[in-house]
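As recorded in TrEMBL, the features of this protein are as follows:
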- 141-324: domain 'ABC transmembrane type-1' (DOMAIN)
- 12-32: transmembrane segment (TRANSMEM)
- 147-166: transmembrane segment (TRANSMEM)
- 196-216: transmembrane segment (TRANSMEM)
- 278-296: transmembrane segment (TRANSMEM)
- 302-323: transmembrane segment (TRANSMEM)
Amino acid sequence: MKQAGWPVRRRSLIPTLLATILISSALVYSFGRVGLSSAAGETVQAILSMVGLGESSQVVEATTRFFDQGWPPVISSEQETSRIEKFNREDLPWLSHIETREVPSISVEFVDGTVVEREVTETKEVLVKPVGYLQRVAWLMWETLEIALWGTIMAIACGFPLGMLGAKRICRVGPLVLLARSVCSLSRAIPELISALFFVLLFGFGPAAGVLALGLHSAGFLGKFFADDIDNTKPGPSDALACSGVGRFGVFLHALLPQVLPQYLAYIQYILERNVRAATVLGIVGAGGIGVELMGKWHNFQFGHATTVLIAIFLTVVILEAISQTLRMRWIQD
């Protein structure tokens, strides 16, 4: 008696092989086109230089320069007393003191019709604040957190209705579902920097433009996430409540929401952390936050100040993640 077996479909490997060759060739071409081949060569040269098998490379020189000038981080600030309006020696800020600095400069003089440059040393009086720059960074970081927080609140306020309208399990009107999904896609397609430039044009420089840019962009993500999770829930609990006469709101409150709430909280936590990182960049276009400070110090090669800003951003994100994770776990347990 002939045994029945599973049917086996034999497929030719030629199309797969050709597709692999074409994709690999395109990736190799793209690898060189975007400059990764040059970067890989510089990296290999840097590794050889570090182990003593090659000459010094640009990567090693730039890294050494950054760590030499960027460490230790700068936490103090100095300002010439002659540039401080209504300066009062008897009423100095807390922990601050006055010091003198010998500053070299170039003096230009005309002698017998020729220009003569001489090196001179000027004595300047400066007000030193031991933690002055740290205070400035803390204030700018707080402003960045405010931008991220209000951007997240705006994203929730806009994304939740879009998510409910975009979920087929809740909204039965097809065109309305399509419209909500399209709005979410459009808001996700516009980068924060582009929308921030637009809002800066409308409302001027400041944190408000950053809040609106983050809220508009993040609402598209939350709307899509909320709608997809509703559509992917198990239909059993909601169908049982609907058959027992419970209305749509009751079905959502008692059957759908308990299934998606933990994931919703995770999405909101992610969006908040993401907005904190994004808000540090929006300052580049004048939308407030600590980004403009980081850009200015970096372009002026003040790497010690830039290191302080980078450490502040890193610590803020880590602490925020720990706090939000703790609150989320307690909320879920309750």
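Each residue, glycine too, has its Cβ placed from N, Cα and C.
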Exercise for review: Return the stretch with the most CB pairs under 8 A relative to the transmembrane segment (196-216), choosing among 12-32, 147-166, 278-296, 302-323.
Suggested key: 278-296
Practice item. Report, as numbers and ranges, every residue of the chain located at least six residues beyond the transmembrane segment (147-166) whose Cβ falls under 8 Å of a Cβ in that stretch; write 'none' if there are none. Key: 176-177, 179-181, 183-184, 207, 210-227, 230, 268, 271-272, 275-276, 278-279, 282, 287-289
